[in-house]
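Comments concern the structure below.
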């Protein structure tokens, strides 16, 4: 790793740069670093200079004394230098905002006169030309926004007007491609960030390594939302493209982990609360039992499925209508889940509740299947931004499962117990090790709880951890289903199909004359007997013994 040597006292350190080359540099608050590029070629009209740090803000400016209109502050910041005729040297100044040394990486990227200028039509932020991407995050979503670009022009010429018409000769012809790049899972080191952010700084490298998420025209707002992935590093950048000149330029890449390194609790190294770990660990233990023995222990299986349904709806309602803290909501959710599980497990023997129980079991499996479907890139299709379209499609897919298996309830129950029970193990693992598979159901919960989550792109990384955990999930589900099918293949179907049971009973009554139910009296006679029995309740009992007078 290359590091600059800072001069003693108040003298500024000197950082010699070459166009397109990265340099690592240590910054501090008291001694600014002077970054210099020399011998700039005459065909270069714009130089974009940028600096990146992991978690500590740095200040980048054109002058030794930063001002609002000539500097930027943040972990990912850059400036655009519009070169004058005959200019061959550019200078910028860097320093850390807080005390202590900050490891950062810097690069300067040249662009020619036909390349668009990132942020060249800025009307929102402080810099006159602002190539930066501004990022905000919550536990639910990530919001990035940037200033529109302008057309390129030669040195010394006046820049094209930003508001002079909307034709093909104006900046309205420009297109913006938004790219996303995931850092290695569970790796929060500075050097990993520095090495990977280089892949998202230049146009050709962004296209080679990043994932293109969407394209914006000038008619679209220059802001985009993504689902938040706490603890997972992600880098975003935007390439502005001129379709007439077939030229392009990149904005300043910005990164986030959607969490805080400074917080003592729930920081980037420890995201799951203790209550969450206890809840999902216990839930996974029950799920593992259901995965292999759910059909044999029918009531326990129904309790598990009823727990899921009741807990989900309870958590949604409590979050929507109350202001309780997370731990309080989790306790109430567990209590509601237990009550719901007991109710479903205790109602299976009642008249007509077999269908209800099997529908609940199938609905849980359908819920998971629909969540898996929208977890794929299909979920990011623009048509599903509409909540009506999304929920109608999701409900249809979820209901399809119990409908398809209505004729074979045993297969439905075994599949549901094996797949859903094994997924409970995945949720428990996600409390200790990052895995994107937890967002199969978490993204759906976010959409239920947040009205604006429909605008967020839900792409997630799929790396080594996910491959291992997916293999474990598939192995558990396949093993559980196989074990239960082999155990139950010689058993009678359970629960019996209601129509077949009714048909067999009808045939038995019509052919077995020795069956007392075959000789059931007519309805009129049965009603008359019931009325006579009812009238006897009001007759006074006669006393026992002799009532005639004795003969003398």
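First residue shown is number 1, and so on along the chain.
Backbone N, Cα and C atoms are what each Cβ position is placed from, and that goes for glycine too.
What TrEMBL records for this protein:
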- 278-295: transmembrane segment (TRANSMEM)
- 283-485: domain 'TM7S3/TM198-like' (DOMAIN)
- 302-324: transmembrane segment (TRANSMEM)
- 330-349: transmembrane segment (TRANSMEM)
- 356-376: transmembrane segment (TRANSMEM)
- 388-408: transmembrane segment (TRANSMEM)
- 420-442: transmembrane segment (TRANSMEM)
- 467-485: transmembrane segment (TRANSMEM)
In the same chain, residues at least 6 away from the ends of the transmembrane segment (388-408) whose Cβ sits under 8 Å of its Cβ atoms read 358-359, 361-363, 365-367, 369-370, 373-374, 415, 444, 447, 454, 497
Among 278-295, 330-349, 356-376, 467-485, the stretch with the most Cβ pairs under 8 Å to the transmembrane segment (302-324) is 330-349
_Tell me whether the transmembrane segment (278-295) sits in contact with the transmembrane segment (356-376), defined here as at least 3 Cβ pairs under 8 Å among residues 6 or more apart in sequence._
no
If one takes Cβ-Cβ under 8 Å and requires six or more residues beyond its ends, the residues near the transmembrane segment (420-442) are 185-186, 227, 229, 231-232, 271-272, 276-277, 280-281, 283-284, 286-292, 294, 304-305, 308, 364-365, 368, 371-372, 375, 458, 460-463, 465-466, 469-470, 472-473, 476-477, 480
Same-chain residues at least 6 beyond the ends of the transmembrane segment (330-349) with CB under 8 Å of its CB atoms are 275-276, 279, 298-300, 302-311, 313-315, 318, 324, 356-357, 360, 495
Across the domain 'TM7S3/TM198-like' (283-485), the model's average pLDDT, rounded to a whole number, is 90
